[in-house]
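Reviewing the structure listed below.
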Amino acid sequence: MIVVITPPYRIPDEEVIVNSLFKNGLHLLHLRKPDAERVVYERFIQKIEPCFRERIIVHDHFDLVEAYGLRGIHLKSKQAEHFGDRKWYAHVSVSCHSFKEIATLPFTPDYVFLSPVFDSISKQGYKSMFTPDMLKEGLKKTSTPVIALGGISADNVTACRKLGFRGVALLGYLWDTPSEALSRFLKIFPDETLSIAGFDQSSGAGVTADIKTFECCRVYGLGVASAITFQNQNEYLGTKWMSPGEIIRQCEVLCREFTPAYVKIGLIENFDSLAQVVDYLTTTLPKVKIIWDPILKASAGFQFHNGENMETIQNILGKIYLLTPNRNELEILFGNNLEAEGLQRIAKQLHTNILWKGGHNTEALASDRLITGEEIYTFSVARGKHGKHGTGCVLSSAVTSYLTLGYSLPEACRLGQRYVSDFIRGNDTNLGIHSRIHATATANLHEIPLQYITDHKEGTPIPEQVEAVCKGGCRWIQLRMKEVSREEFIRTGNAVKEICRRYNALFLINDHVDIAIELDADGVHLGKEDMNPLEARKILGYSKIIGGTCNTFDDVAERYRQQVDYIGLGPFRFTSTKKRLSPILGLEGYQQITDKCREAGIHLPIHAIGGIRETDIRPILDTGVTGIALSSLLKDNDDITEKTKEVLLQLKTN
Ligand SMILES: Cc1ncc(COP(=O)(O)OP(=O)(O)O)c(N)n1
Ligand SMILES: Cc1ncsc1CCOP(=O)(O)O
Ligand SMILES: [Mg+2]
């Protein structure tokens with residue numbers, strides 16, 4: 001793990017540097033400003049791109065975690081003594097200065113910082129209190145992941161990894177010359193992870209698919225072939241197995257140079273091979289955690305003769321950290337009719353964890369269940385329409401990547417699921433393209449000044465309205481249908497989506513996250529009575545647009561915290577298109593709010609909405625909003641296309 005700690009005092013443009021570190025693969029930023037007030041923390045967070053905020057861990061002002069959707073909190077060891085809220089946070093880490101302190105913590109944190117490992121770069125006179133032997137011995141006995149802090153630079157990172165540290169924390173090395181922070185960060189080799197799996201010529205599954213996933217998650221991918229399969233995305237023709245000796249020989253050559261913290265095992269000939277490989281790994285890499293994706297189809301060679309293999313598998317599973325089966329594989333392993341509670345008993349008994357793929361399904365959401373000895377978690381995400389070859393491999397290697405990067409098991413499973421969902425939705429063919437996954441859909445919202453919001457019109461069905469505004473040049477549609485059945489919404493949505501794709505227009509859904517998922521729309525618009533945008537973000541990820549309704553500056557500040565991509569601000573004046581209107585804003589209202597946004601450094605696209613007429617457009621834009629959202633002005637015109645053209649002309653010539 002590579003952790004960056006912010007400089008204790010403000011340095012110019014530190015947020016710009018931190019954003020660049022995130023873009024270049026940083027996953028763990030500790031925001032530490034000793035004695036700084038909440039507002040200092042808040043100003044920093046607001047300048048970090050929303051998609052990176054879930055990588056921030058705060059050392060103070062812990063309520064910011066919920067308000068901004070941050071990753072978690074960091075405690076001093078003294079604070080940890082009296083800390084009762086461990087479960088409440090997705091991430092808790094602790095600072096310690098001795099192995100005794102680590103051993104006596106009242107709970108197991110996600111990791112601890114141990115410092116000063118070397119003489120500090122940033123704190124003059126802060127000398128190391130450890131010899132290499134003390135560190136090696138102490139680390140051997142400690143099961144909590146330990147991060148080396150103090151005097152860490154590119155020169156001693158490899159030594160730290162060899163000593164048994166799970167990662168390093170960078171502070172003085174980066175910040176003593178801020179202009180070089182990024183280039184110094186890039187001198188550090190990223191975390192590595194290993195896949196032991198079959199070779200699939202199409203690279204949709206197996207070791208090459210795993211390595212693509214690792215690299216897209218910014219983890220260096222290592223690979224060992226457990227078999228050469230003969231397959232493409234549509235056909236499986238055969239398998240040439242590697243013997244356990246051949247697999248281990250490949251591992252040996254890697255272990256001369258690398259010490260992966262996590263290893264993923266996929267296709268393997270039988271339980272005996274698996275047992276030998278697992279034994280080798282746990283002996284050579286005593287702290288390794290193994291993820292096993294049990295591929296148990298007949299072609300994988302597994303034989304179940306009256307359960308004679310069951311004893312072997314029970315022994316092996318005790319050494320597996322995470323098992324990622326689907327229902328079929330679970331039934332082969334543990335028998336039929338298993339439910340989450342039964343699996344939890346097995347997980348507890350075998351000291352393992354189970355990620356049950358597709359373990360709980362609703363119509364629109366695909367859900368996986370993580371079953372640990374203590375807890376059962378359900379993660380739901382957009383269900384992909386187009387199944388893909390190798391998604392099981394991609395899921396378990398994405399989870400392995402996020403574990404390697406330092407996410408807790410539930411967070412790694414949640415993010416892994418989101419990765420697969422984005423991967424599946426990335427294209428409409430049987431083989432996915434990993435490099436498309438992290439594209440965000442929000443880059444050009446500032447440049448689309450007109451949003452059309454659909455409404456019922458006798459004699460002009462919604463798809464016809466949408467076609468007409470698109471013909472006139474509108475490139476942003478929000479499908480808003482009140483008081484219709486889900487079926488009707490989806491039927492109309494499918495037609496509208498086709499039109500939007502043809503015109504390259506954005507297609508957003510009003511109110512319903514589940515329908516946006518089902519239709520694979522570009523995003524949703526959420527009002528005060530709809531889902532919290534942070535919750536929607538967890539489901540939709542960053543490749544979808546989330547808009548939020550606001551009526552005051554406080555609403556804008558809250559929506560900004562909640563990571564919306566744009567704001568619908570209104571109503572400008574009375575309109576009968578919407579019931580239960582908020583107070584009318586008028587031009588003065590917009591002016592006050594946009595002024596405050598500027599002062600607060602909030603630069604989100606803002607669309608004015610509500611009762612807007614043609615003559616209002618210029619004065620509204622003069623208040624500083626980026627665009628307008630219209631319904632009746634366009635819909636109620638006899639020639640919708642012509643009216644759209646006129647409105648766009650006004651918007652563009654402003
Ligand atoms: C662009 C835009 N802004 C505001 C709204 C209103 O959303 P909401 O407050 O949820 O009200 P309904 O549209 O759901 O009635 C919007 N839809 N679009
Ligand atoms: C959805 C919505 N939210 C606030 S006003 C409004 C309706 C906008 O439609 P119109 O342009 O017809 O007033
Ligand atoms: Mg709504």
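Keep in mind that glycine also has a Cβ here, set from the backbone N, Cα and C atoms.
Mean model confidence of the domain 'Thiamine phosphate synthase/TenI' (4-171) amounts to 91 (pLDDT, 0 to 100 scale). Residues or ranges marked as domain 'Thiamine phosphate synthase/TenI' by TrEMBL: 4-171 (among others).
Residues or ranges marked as domain 'Pyridoxamine kinase/Phosphomethylpyrimidine kinase' in TrEMBL: 200-432.
Here TrEMBL flags 452-632 (among others) as domain 'Thiamine phosphate synthase/TenI'.
Contacts of Q478 (4-amino-2-methyl-5-(diphosphooxymethyl)pyrimidine binding site) defined by a Cβ separation under 8 A and a same-chain sequence distance of 6+ are given as Q451, Y452, I453, T454, L508, I509, N510, H525, G547, A629, in order along the sequence. The annotation 4-amino-2-methyl-5-(diphosphooxymethyl)pyrimidine binding site is assigned in TrEMBL to Q478, L479, R480, M481, K482, N510, T549, K578.
Taken from TrEMBL, the feature Mg(2+) binding site applies to D511, D530. Less than 8 angstroms from the CB of D511 (Mg(2+) binding site) sit R480, V524, H525, L526, G527, D530, each of them six or more residues away in the same chain.
When the binding-site residues R480, K482, K578 are compared by the number of other C-beta atoms lying within 10 angstroms of their own C-beta, K482 comes out lowest.
Proximity of the binding-site residues (L479, M481, K578) to ligand 1: a Cβ under 6 Å from the molecule is found for K578. Counting every protein chain shown, the Cβ of N510 (4-amino-2-methyl-5-(diphosphooxymethyl)pyrimidine binding site) has 20 other Cβ atoms within 10 Å. Within the set of binding-site residues Q478, M481, D511, D530, T549, D511, D530 have a CB atom less than 6 Å from some atom of ligand 3. Its own atom aside, the Cβ of T549 (4-amino-2-methyl-5-(diphosphooxymethyl)pyrimidine binding site) has 21 Cβ atoms within 10 angstroms in the protein chains shown.
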